[in-house]
Amino acid sequence: MNANQAPDAVPERELRLALVCYGGVSLAVYMHGVTREILKLVRASRAYHAVPEDAASDASYTDAAPHRGELDTETVYFELLQQIGGHVRLRVLVDVIAGASAGGINGIMLARALAFDLSLDAHRKLWLDLADIEALLDPAARPSRLSKLYMRPLFWFAGLLRKRRNRQAGGAGEDPEVLQNLSLFMRSRWFEPPFSGPTMSNMMLDALESLGEEQADGCQSLLPPGLPLELFVTTTDFWGAPQTIPLHDPATVREREHRHTFHFHHQFSKNCDLHPSTLGRDHLPSLAFAARATSSFPGAFPPLRLAEMDAVLEQRNTGWAGRGAFIARQLRRARRAGESADESAFIDGSVLMNKPVSVALDAVQRHPAHRETDRRLVYLEPNPEPERETAREAPGFFTTILGALSTIPRHQPIRDDLDWIAAFNNKVQLHREVADGVLSQVLVAIGSHLESTLTATPTAATIAHWGKEANMRAAADAGYAYEGYSRLKVLGLLDELAELFQRSTRGLTRTEAVARLQAWARMARIRPLGDTASSARYQEGAPWVRFLRNYDMRHRLRRVMLLIRRVNELYTDPDTLTIADYREHLDRLKLRLYARAETLREHMDWRGEHLQRPSAECLDDHLNAFLVRVRERLDLIEFDAALESDLAAWCGEVGARSMMREVLTTYLGFAHYDVLTYPMSQSREMDTLEQIKVDRIAVDDANSLRQGGAREILKGVQFGNFGAFFSRRFRENDYLWGRLTAAERLVDIVGSAAPEAVAAGLDLQDYKRRLFLAVLRAEAPHLTGISEMIADLEASAHSMESAPAASATGSVPDR
């Protein structure tokens, strides 16, 4: 920060993380360490922003906000954000989580902890004690002392070979527990799943219960009010759900879709009212079902059906209040096809979707930014593909079968998703450059007109009148371009309503929903549109104009976002800096605009579940009732009036004519601006989004303490990623490295989101060292099996040197 810059000019920025958690079988233990560290960073960020801005530089973490659970690295993250706060007030959030298999389990636990500010501390014991072969084996599969007696010499001989070949510390040959559990596993029953489904279901329920209780009052959450949290957990529907696909000839074909994604949602409103959340206590069995389903490794666990969870809950004497809603929402594909949800069977999510990047990207597009945002997609990869050092020989018989059925599908690269992100970022950049050029010209043209008109403080009615004039003038000035603009808006809005109508109507296909909406539009004389440039000027009550006024929520959002953007620019405008109390005036206006934006965001997150029609209701009547309810819920006419009242009230407070003119010019100039820029996007995802950067959290990217990748550092990669199930010492190793890896990578990511602070000399290496020491000291009493390694790592952390300021970029290259 410039030494002469006022401290109140520090900008705000959100670092929003969309997490993608890969599968990895026993590497779930490692991923628990990663997610636990992410939770600590987000909790420290929440505490930092709970402190008034003028006191933030002197506050401490323990004074800032109530803490839940063990306290270690939170204080270091708090101080990192505190030092960055001299340049930018950075808020770190997680609003999207997508996980498969082991990543799905950890994603579920993290999502619930974020939603209600709960602790993951109890899960250390769960993973270290219970993620063990002996605990997971089905009692009926457990071998007796005489089972497969002929195999005992083989294990004795295998132990000798491994000791000879593997002398490095932590090797399987030097851990007697590994061979003991391997013998137990191999002598268990064959040709049936050796692991117990009900045992796993009970473990998942216990894990969810151990997170703690939700607070009954207030917005007790690690997400700010208004921001949704979406959780996606992939699984594989073994029998598949029938789907009808439209073609030219034949008209339709039927296929079965085996990919299945459980979707959970959570959000507090700005008034701290909890929207219907599927992460709350009533939905713990639903979350446990998803955790059990996504991790049902083929052959190791039996496929999951509803009957298993019902039996487990009955044995625990526990109800499932959300069972009906779970079936209606999460298993609706089977119900729509007339099939029984009870017959659905689910296996591991990583079979068909081990890297659910595309699922997370879809959610990111539904979460528009309402302030300066650094959007990241962060994928947690427990076992990156190593460089091949041996020649590629012709695959053998069993290698070919195993690769085709399991290995290759689970390791499909995410290149297609990354290419999509690159293309999306290019579109955003192009859109931004063109929009900036258009906006500057629009502001000059509207500003010169307003200069002579703005002779007194305007009322809300005056602003509304000016707005109508601006709309008519934009239609006249745009000419032929307005015809394309208006058609894109009307047709796009009809398509969006058809999507919501289809979701809210059981058994209705997308094609049928579109046809119904188009037929309604013709009956309502919305289509054909005719000469829209003329009717926009002379026919205020034209059907298509009324349609947009009642339903076009995204138009309002774009307008509010443009106002927020302009207000942010005014904080550093030279003319504004001469106005007394300019910051207080702009802060008040921005708060009002944020409130309006959050209202629109809540509408955008609305999914229409409560519009389910009675089965006997006529579909046409249902459509009419649906449209009435949507119009009444949005209430956009009232929204427009409220925004105009906000602007008029602010104008009355500010007094400074030049500042009023800048804000009103933006509000009125939006009509011209939108005509020219909206057709460029031609898709909803371009309305408000920033570019998306991609980062990875993997052992291979975090070598400050020890050089090497997953195969050199993690023990769970052995035995086809089942290794950690065979040894508690292996689990301790992987859990610790999960925390250490996440700590290092999170500092990199946070540093890259605040380049101003790094350029000013922020020592990221020192924060890494402090985090390493905090983790090692906190975990040493719990990880007694690897105490020597902890001592070595602590010595390495103490010997770390700070990086020179000039090279402290705070980031690895975006992937």
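Glycine too: its Cβ is placed from the backbone N, Cα and C atoms.
Database features, via TrEMBL:
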| type | residues | note |
| --- | --- | --- |
| DOMAIN | 19-361 | domain 'PNPLA' |
| MOTIF | 99-103 | motif 'GXSXG' |
| ACT_SITE | Ser101 | active site, nucleophile |
| ACT_SITE | Asp348 | active site, proton acceptor |
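Mean pLDDT of the predicted structure over the motif 'GXSXG' (99-103): 92. Cβ neighbours of Ser101 (active site, nucleophile) (same chain, under 8 Å, six or more residues apart in sequence): Tyr22, Gly23, Gly24, Val25, Ala28, Thr294, Ser295, Phe297, Asp348, Gly349, Ser350, Asn354. Per DSSP, the secondary structure of the motif 'GXSXG' (99-103) breaks down as 2 helix, 2 strand, 1 coil.
Other Cβ atoms within 10 Å of the Cβ of the residue listed as 'active site, proton acceptor', summed over all protein chains shown, number 30.
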